[in-house]
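*Asks:* Quick one: the structure is below, questions incoming.
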Amino acid sequence: MDAMIGDPMSATSVEAVFEKQPSPEFRELVTPRAMAVAVVLSVVICFVGMRIQMTAGIVPALNMPASILSFFLLKWLIRLLQSCGFPMLPFTRQENMFLLTCIITCLNLALTSGFATNIIGMTSTVARSLADDPDPRDIMDHVPIGKWIVYLFLVGMTGVLINVPFNQVMIIDYKLLFPTGTVIAQLINSFHTPEGAYVAKMQVATIFKVFFGSFSWSMFQWFYTAGDDCGFQHFPTFGLGLYKHRFYFDFSATYIGLGMICPHIVNFGLFFGAIISWGFLYPFLETKRGQWYQTDSPTSLNGQNGYKVFISVTLIITDGMINFLTLITTASINFYQLRKEHDLGLANYFKKHPSLNYDDRKRIEVFLANRIPIPVPVAAYITCAAISTIAIPAMFNQIKFYHLAVLYMVIPVVTFCNTYATGLTDWSVAPTYAKFTTFVFAAWIAKPGAVVASLLASGVIVAALHISSQAMQDLKSGHMTLTSPRAMVTGQIFGVAVGSILCPCVFLAFQSTTKPNAPVGSKQSDYPCPFAGLYRAIGVIGTGGVKELPKHCMTFCVVAFCVTVIIDAVVLVSQKRGWSIHRYIPSMTVIALPFFAGSYFTIDMCVGSLLLLAWTRMNAKSAEMLSSAVAAGLICGEGLFTLPSALLNMFKVQPPMCMKFLSGGEEVEAADSFLNNLGTSRT
């Protein structure tokens, strides 16, 4: 063992448990058996994910079911082949991670493919639902499947390639948590823990106990969700008045678990953002209805939603840009020193960071030894961008090469911003960027065909940003399981290749089952694609430019920009001068997320943070060893229940009850009267 790595004899060391296991070579990770299982599970997971997205619009996280299914299916396949007399390599956690990143990348491409959002928004079905006589140049109904395969492959590869140059910055230098990636790594490590490690066995036992409790709780909650806004997820904990402003505790095991592993400053920063937005700003804006804006629609950009989207995007982009420019400036100033450190390699890195524990040192050693040289993904991204700039306009004449050239120049910056936000909070705001892009490109083009062009541009952005941020989650998992970054990126490329073929085929399968008078995208269809109309409406509004936004929206954006610059400047000065104040200032990206996402989840995460603080106060050693295991169990249990819940929904099995809360007075009397009449009619 390398003496630089440190002492593995630590009670809570994960890598000490795996010390006797040799590191597998690349060919032992990227195996045909893993690829075969990845294809099978990708079909299942993508089918479920796209089905939910096309019916409900919002897809729960399917990473946890994919993690558990991938482990058990590949393990079963290996045992089956061994029983048939075939010699098999050992099933390692590294191969498990390669398999998992293939599936998750394929799933993320399916969810950002646009077959429930922007692509359906181009169709005549959705166009006629918004206008009686839409311009035929802003409609695109029948596109050959080959075009969609090429389009999806290009945008998927964009997401994978743009992510690679930021790997070391996000995971090693910034030490971002990427909560889902951390939890999945904890789960994979627990699955593959060698027998005999006391602490590891205790952590595994804790994960499965909490997992069972979380799964059971999710199943219990399901019975009370028979209608809209029903169940414990809509429990008005602090009263109906605050519930209307989305301040309530929704009993989510996932968010409580996230709160236990996210830093306290992140959790309370989210809550602070929720108070500013939903506690003060949005109630104030509601009083201006009829003066600053007219529409009551919760999704229209020329209503209150316009403030939400543009303020949150301004905060996130400004904060991300400042971090990006700080990184570039620091690297430029210290170029010579950084070059010198790079030449000295691993030994120099460890000398500069003597406080790293054994696990961190071991993981950094593997990461740096297998990293991809930055010129390789940069050259690949430029090549992919050049091909896309030529190929996409050739397939879709509504968008021009210079539109895509600008888009591909902007993508690296917004990718950095979005991935940074995901690393801090586990939230990808790629859909928000997509809405913003739709509006900007529609306003830029502002002629017939602008709606289709803006929807294509938003499709490129949402796929690139979301796939990139989730690929970084996977790389965080790979980092914590000693999986080679090269193998992880290979798995992501394979996932994109599978997904680009699979997604159009799954969509065509759904399309073939619809009734002639209720095509995909119509309100009468089994697949109404509820967000398709929203994306198209943004494009239609965007053709009118900034004047279509509600009054003073741009003023609020300027204020948000200035506040972010001032606060980030204070943080940078504090860090430079060694003041401690920066430790108590949350990231503006964190504060911005509740502006658009809502405030309910911030309360859950604060509860998780408070539980961890109380546990640490009572027994610090126990909290250090088991808190991440408890968090993993909470997240995985609720995450896995999404699969049976989705299957029940697919087979039209509805929950038997609806638990709903009403304010006293006329609402209760009306409900009592209805229930009494219902009982009378049945007798």
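Glycine is no exception: its Cβ is also placed from the backbone N, Cα and C atoms.
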*Asks:* Between 427-447, 448-468, which stretch does Swiss-Prot give the note transmembrane segment?
*Replies:* 448-468
*Asks:* Mind checking which residues of the chain, 6+ beyond the ends of the transmembrane segment (29-49), have their Cβ under 8 Å from one of its Cβ atoms?
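*Replies:* Cβ under 8 Å, 6 or more out: 59, 62, 65-66, 69-70, 73-74, 77-78, 81, 89, 92, 94-95, 98-99, 102-103, 106-107, 110-111, 483-484, 487, 490-491, 494-495, 498-499, 502-503, 506, 643, 646-647, 650.
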*Asks:* Do at least three C-beta pairs under 8 angstroms join the transmembrane segment (490-510) to the transmembrane segment (309-329), pairs 6 or more apart in sequence?
*Replies:* no
*Asks:* Is it the case that the transmembrane segment (448-468) and the transmembrane segment (97-117) have 3 or more CB pairs under 8 Å, with pairs at least 6 apart in sequence?
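*Replies:* Contact between the transmembrane segment (448-468) and the transmembrane segment (97-117): present.
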*Asks:* For the transmembrane segment (309-329), I need the partner stretch with the highest count of C-beta pairs below 8 angstroms, choosing only from 58-78, 204-224, 595-615.
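*Replies:* Looking only at 58-78, 204-224, 595-615, the most contacts with the transmembrane segment (309-329) come from 595-615.
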*Asks:* Who are the long-range neighbours of the transmembrane segment (58-78) in its own chain, taking Cβ under 8 Å and residues 6 or more past its ends?
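*Replies:* Non-local partners: 33-34, 36-38, 40-41, 44-45, 48-49, 52, 88, 91, 95-96, 99-100, 103-104, 107, 111, 180, 184, 187-188, 191, 254, 473, 635-636, 639-640, 642-643, 645-646.
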*Asks:* Give the nonlocal contacts of the transmembrane segment (628-648) in its own chain as ranges (CB under 8 Å, at least six residues past its ends).
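*Replies:* Non-local partners: 48, 51-52, 60-65, 67-68, 180, 182-183, 186-187, 190, 203-204, 206-219, 222, 252-254, 256-258, 260-261, 608.
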*Asks:* Residue list, the transmembrane segment (204-224) vs rest of chain: Cβ under 8 Å, 6 or more residues beyond ends.
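*Replies:* For the transmembrane segment (204-224), the nonlocal Cβ contacts are 186-187, 190, 193, 230-233, 251, 253, 257, 626, 629-630, 632-638, 640-641, 644-645, 648, 655-659.
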